Ligand SMILES: Nc1ncnc2c1ncn2[C@@H]1O[C@H](COP(=O)(O)OP(=O)(O)OP(=O)(O)O)[C@@H](O)[C@H]1O
């Protein structure tokens, strides 16, 4: 079958033009990465062919040994990378080599600063792919014959805005990329140079990367006329990295392999490589990245492991092997326990997959626990990037709740730093005698948490309180009931019970104040009956006149605000208003005979309590008016 292809000229998608421009200008200091990118694509093309051949073995034809060849021509300043992988037809070329389909591209481009140092780091995070060819070449030709087809196609561009597509003469399956090097990049048309780049960046590629042997003629051969057929030799180790023994793999090889599978060119923070035998048989190589991807908080982000069955690549992004809260993990899983024609649908139902998921989850949590114990600094850098996602864990993974809880880090009144460094174990080790609860406060911002009036009595008694202000925190706490046998208690919720930490004298004094304030409480209650559930004398405050408390079973203020902001219906519940009769303002309130002024002052106190916990007022204008009126009275007008 011959498909009619005529020569066509087309324009790049705008993003491609932007990317090309930025790349050429910010990556000029690492031009050699073009080779790693093109070899990586060639290796992916081989994986895709092998996978397609599982259902149609004729695709491999008479050329079943998948490999990559790298050649060069010093005189003509060209480098060619040839593979016998899946290949591309005309439509593939237009879709793949003229546009960028990857999610996040436009955000990525928006993040570019124009500062080359920073931008080259960003580009590293993104993975540059095929277009990196234009860092070294002023013209690129891609000739390809797609597996199973007969008409080859050629794509050509100088990277400035357009590309052409036309029929090509190529009778072997796969893709040949020819780079016409820029004058100042001609050093790449050299055997030593290319070999050393391949060994450095692409050694882990699992199929052979071949280069011509003795492309430098030896002295006694130099004058011989007859040309020998070129002999090729394998330049890389050519063995799937995860199948090799751990002790034979260097850190640099692990890192390069991470770059290859993750398309993230920052180095990983840590990895764990294990071969499991027994009931389940699989090898996993899991990486913790050092930086969060741009779309980490999008629960739909690309995630999952690269799945191989008996060394054959099956799919990218196999999501079923790790829970959502570990979506940042990158890696490879190769198993003999699944069939080669496994599909996503089968993965979702297969009990073996469940068992592997349990084991891999444990593996990641163990890797994190070890890091937390042996290298707290490294763990801190992990926590900064991924802590918020890990906080989704206790709600999602009941079985590992305790384990995840040990990995959590919080801010606390102990050092009042916004950096989250305090573990629950640290907290428990500092608990006071008689303390049987882990106290926390959740607020909209770190500062609101730090200066929450609810902390006053804790400060006075020297009891540590965890300060929470991440959006996920209240949700987290709804799923964490206890740690190490100690219940968690929100200091802004329900009746405050300091248990044994309240002395008999404290309790007695409190009862007395309560008794003395009965009338006042009733008067306040009458004024605020619409706004609050009830009014009572506080245990919590030592310096503030009043505060709001959430009923023991009601939704916390932070969660309420998040749900309201998301437009969700929130159950109706009113807060409890607590007053501190020892505060001079409350004493003054108690003495107020004029009921109107009493009501005004009471309402100001209520609004202030709301502001102090980071909340918003229903009617800020009325609050300002009341306050101004009081100020005027104070100043004697
Ligand atoms: N040698 C090749 N054989 C077959 N298809 C290829 C080859 N090189 C590139 N492609 C196709 O072009 C697409 C774009 O390649 P490109 O390198 O720009 O992005 P990518 O490989 O998808 O991602 P990354 O940016 O991480 O490398 C590939 O996804 C693939 O479909």
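Even glycines carry a Cβ here, placed using N, Cα and C.
TrEMBL labels come from automatic prediction, so no person has curated them.
What TrEMBL records for this protein:
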REGION    1-344  region 'A'
DOMAIN    30-185  domain 'Histidine kinase/HSP90-like ATPase'
BINDING   37, 41, 83, 88, 96, 102, 103, 104, 175, 344  ATP binding site
REGION    562-637  region 'C'
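Summarised as a single figure, the pLDDT of the region 'A' (1-344) averages 87. Counting residues of the region 'C' (562-637) by DSSP class, helix then strand then coil, yields 45 helix, 4 strand, 27 coil.
With all protein chains in the displayed structure included, the most crowded Cβ environment within 10 Å among the binding-site residues 37, 175 is that of 175.
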